[in-house]
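A.B. asks: Heads up, here are the entries from Swiss-Prot:
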DISULFID  CYS4-CYS12  disulfide bond
MOD_RES   PRO5  4-hydroxyproline
DISULFID  CYS7-CYS17  disulfide bond
DISULFID  CYS11-CYS22  disulfide bond
Amino acid sequence: DQSCPWCGFTCCLPNYCQGLTCTVI
């Protein structure tokens, strides 16, 4: 999801990746 902040190849904390998608907390 482009609305989720990405840091390199991982989601920026405290968000987390679930497969190829990123979940925003």
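Here the Cβ of each residue, glycine as well, is placed from N, Cα and C on the backbone.
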A.B. asks: Rounded to the nearest Å, what's the C-alpha distance separating CYS4 (disulfide bond) and CYS22 (disulfide bond)? Just drop the number here, would you?
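C.D. replies: Distance between the two Cα atoms comes out at 6 Å.
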A.B. asks: For CYS22 (disulfide bond), which of the listed recorded positions (PRO5, CYS7, CYS12) have their CA atom within 10 A of its CA?
C.D. replies: PRO5, CYS12
A.B. asks: Which three-state DSSP class does PRO5 (4-hydroxyproline) fall into?
C.D. replies: coil
A.B. asks: CYS17 (disulfide bond) to CYS11 (disulfide bond): how many Å between their Cα atoms?
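C.D. replies: Rounded to the nearest whole number, the Cα-Cα distance is 6 Å.
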A.B. asks: Since the record lists CYS4, CYS7, CYS11, CYS12, CYS22 as disulfide-bonded residues, which of them has the fewest other Cβ atoms within 10 Å of its Cβ?
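C.D. replies: Candidates: the disulfide-bonded residues CYS4, CYS7, CYS11, CYS12, CYS22. Fewest Cβ atoms within 10 Å: CYS7.
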A.B. asks: For the C-alpha pair, I'd like the distance in angstrom between PRO5 (4-hydroxyproline) and CYS12 (disulfide bond), rounded off.
C.D. replies: 6
A.B. asks: How would DSSP class CYS12 (disulfide bond) in three states?
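C.D. replies: Looking at the DSSP assignment, CYS12 (disulfide bond) belongs to neither helix nor strand, so coil.
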